[in-house]
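Feature annotations, reproduced from TrEMBL:
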type	residues	note
REGION	34-57	region 'Disordered'
TRANSMEM	79-99	transmembrane segment
DOMAIN	135-428	domain 'Membrane transport protein MMPL'
TRANSMEM	245-265	transmembrane segment
TRANSMEM	272-293	transmembrane segment
TRANSMEM	299-319	transmembrane segment
TRANSMEM	347-365	transmembrane segment
TRANSMEM	371-395	transmembrane segment
TRANSMEM	426-445	transmembrane segment
DOMAIN	465-748	domain 'Membrane transport protein MMPL'
TRANSMEM	573-595	transmembrane segment
TRANSMEM	600-618	transmembrane segment
TRANSMEM	638-659	transmembrane segment
TRANSMEM	690-708	transmembrane segment
TRANSMEM	714-739	transmembrane segment
Amino acid sequence: MLLTLLGLLPRPRRILLLLIPLLALAGGAAFGGRSLRRSRPKRTPEQQDTGTAQPAGVPPRCGGVLAAVGRVCFRHRRWVLAVWGVVLVAGVLIGGRVFDSAGTGTPAAGSESARGSALVAAADPAAGTVTAVVDGPRVDDPAVRSAVTSAARAVAALPGVVSVSDAYDGSTAGTAGASALRAQDGRASLVVVRMADGTVDREVNAVSARLDGIGQAASGARVTVGGDLVLSQEVKQQTAQDTTFGELVTLPIVLIVMVLVFGGFAAASLPLIGAVASVGGALLAIFGFSRIMTLDTSVLPIATVLGLGLSIDYALLMVNRFREERGRGASVTAAVERTSATAGRTVAFSGVTVAVALSGLFVFTSPVFRAVGAAGVSVVVITVAAGLTLVPALLGFAGHRIRAPVGPVPDDGFFARTVRRVQRRALPVALAAVALLVAAGAPFLTARAHTAGADVLPASFASRSVADTVQQRFPQQIPAPVTVVVEAPQQQAQRYARQVAELPGVSGVRPAQQVAGNLSTVDVLVAGDPQGARAQSVVGELRDHRGGLRTWVTGDAASVVDFKQEIAHRGPIAFALVACGTLLLLFLMTGSVVVPVKALLMNVLSLGCSLGALTLVFQHGWFSGLLGFTPAGGLESYIPVLVFSFAFGLSMDYEVFLLSRIKELRDEGHSCARAVELGLQRSGRIINSAALLMVIVFAGFAAGQMLMIKEMGIALAVAVAVDATLVRCLLVPAAMSLFGEFNWWAPRPLKWLHGRVGLREHVVLPPLPSLRPHLPALPQLPQLPQLPPQLAARLPHPRVRGAAAAKP
């Protein structure tokens, strides 16, 4: 990411580079604004805006808490900018270290497979492995043998090394013996180094460097170093690089699009400054969470892209409303207050709905979900805070330089005409949109859960290359799809292994291996996909037939089974929590029970479309060549749950944008049809602009190398694009037209409740000053002589001819 890239610089340069854009904006707004004002025609005192005073006779302030927040931040804008500058610098200097502390979470924490793996990890002093593939000359070549054994002895003496296994020493060759470390063609061998728990990257790098030296000692030998510890390192590094690449690619494109939207650089730069500050604060918050919980590596880019997208959306909404108020004739001070009172309310409410959607992740026991939920909620809070405080402060510096539209937003345009066409054919449009969304989401019914290993990285990475080589040339080293942890003496464990071989679906069983004391492991082999239906069926058989012993069934297939059970048991609870929270918030906003239910159903439809596209692309391989990945045959197990939470929140975000305008217009006395027409006309452009920017951000992150980040980026980009276009522009107007005034229905007790606890920010918008009295009077034109009737009859326009003929 941009902040990570800055983190590579020396600290004084980091601070300087971070402060330059903020200081440049402030200075340019101050000095450039003065010169700009000097070049303008002199205005009357009532038209002049000092930043604090209001025209005479106009109420000085807007009512409401959010208007007061905007007023305070505008008045003390230098202090607000300084505070956010400190947050940004701290986010780079401190939060940038969060990638170093990230780990690998367990999707099915607390399950049988997780408990069994924890037992083995507690009994085994080794926490991971570094594996080297020595390829080229024959294994029995004296030069290769000498180089490998010499390197093995040197590695065994390094800090953090528990044991070293090679193809020439059967006593140290682990569980499979020296022959298992030789390729079947006799031209490759493995060196397996087991590292102690608590091993740091420096120790892993020392082992990797020494193993790389085998290639120099043995002529013609090619050495590739991988293993799970190297895989973890490469995943962290690539995650940071993908995040950096995503921001460096998307931010310039976002800036160009916003310049086109706003027609000027000053207005376009404010959302980007708010986005950078929000991401800095988000990194700081995530770093704080990393001190109290283990954050999965995938948490970081997901939270970053959420913060970047939301902050741009919220700042875009605020700046757009500010321009509208300026176009109506408001001073900078009044425009900031009115923007905070109206658009600020929408930003705050939208943030609450997104946070509610993410709160469903806390229902699951998986630390991955809880970490993403904690990071996501903190990011939402920070982006809302930036939108309500930093953006008004920046408007105080640059407000005079932002080009305002000429006059109010027209009530007729593309979106208004679209709504009128939809309202004339509401039922066919609604049915067609629903059918299209259902058909697009149908492929998700065939989705398969998949736990990624080294295939999360492209084939060009060393750890992925080692894993592929082991899979193809070292069959005895392939991890078993199912491993049973047995608590019994060694002889009983061996008898249990023979019983397991008789179970249906089992193609082979490796001898029981003692881990420590009475704890042994039995590897169970299954033909076909190691995480497929047959392997999952074997997991069920093993759990039904434990042979009278205390056993724990583990492995990738068992993890998939446990994760499915977790989703089946806790998924409905999480959905109910999110749905109820969303319905409650929308009811408190609108006072209706019909609008929230429709919004919930529409969100589910757009979410299904996103998950269907995710299945087609990443399970069935659509556009895999274009996107640059190899299909894994399934979806990463926890990605659909994360997509549900994030896409649901973002879809509700745009629902709030649109409903707030429609509700505002209806409260002004417009009919339901007219309120929908004007609401979409006035907010459709900004909703689609925000969606376009969000799609650009997600697509930029999907262009990285990490498969999980690709999945999230593509799914969220599809969700936002479909929701902002098909759902908000077609399905919402059609549904609102079909229900008519019934949209705002609620039982009488709920209406009474809404009247007392409804979320209505009390906004008193002062009337805007009229500029008409201050315009110079037009000179009195002389009266033209009347035309004779004969000459008037020759005029081309009948109305003019008739009027002239009627004159005496």
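Each residue, glycine too, has its Cβ placed from N, Cα and C.
In TrEMBL, annotation is done automatically, which means it is predicted and not curated.
Quantities reported herein were computed from a predicted structural model and do not represent experimental measurements.
When Cβ-Cβ distances under 8 Å to the transmembrane segment (347-365) are tallied for each of 299-319, 573-595, 600-618, 638-659, 714-739, the top count falls to 638-659. Counting only same-chain residues 6+ beyond the ends of the transmembrane segment (714-739), those with a CB under 8 A from a CB of the stretch are 305, 415, 418-419, 422-423, 426-427, 429-430, 433-434, 436-437, 440, 594, 598, 602-603, 605-607, 609-611, 613-614, 617-618, 627, 639, 643, 646-647, 650-651, 654-655, 658, 662, 672-673, 676-677, 680, 684, 687-688, 690-691, 694-695, 698-699, 702. Averaged across the domain 'Membrane transport protein MMPL' (465-748), pLDDT for the predicted model comes to 88. Against the transmembrane segment (299-319), stretch 371-395 has more CB pairs under 8 A than any other of 79-99, 245-265, 371-395, 638-659. Two recorded stretches are said to be in contact when at least 3 C-beta pairs lie under 8 angstroms, sequence spacing 6 or more; the transmembrane segment (272-293) and the transmembrane segment (79-99) meet this definition. Residues 349, 352-353, 356-357, 359-361, 363-364, 603, 645, 648, 652, 655-656, 659-660, 663, 739, 742-747, 750-751, 754-755, 757-759 of the same chain lie 6 or more positions beyond the ends of the transmembrane segment (573-595) yet place their CB under 8 Å from a CB of it. The highest tally of CB pairs under 8 A with the transmembrane segment (371-395), across 79-99, 245-265, 638-659, is held by 79-99. Cβ atoms under 8 Å from those of the transmembrane segment (245-265) belong to residues 1-2, 5, 271-272, 275, 279, 301, 304-305, 308, 312, 316, 319-320, 323, 401-403, 689, 692-693, 696-697, 699-701, 703-704, 709, 713 of the same chain, restricted to positions at least 6 beyond its ends.
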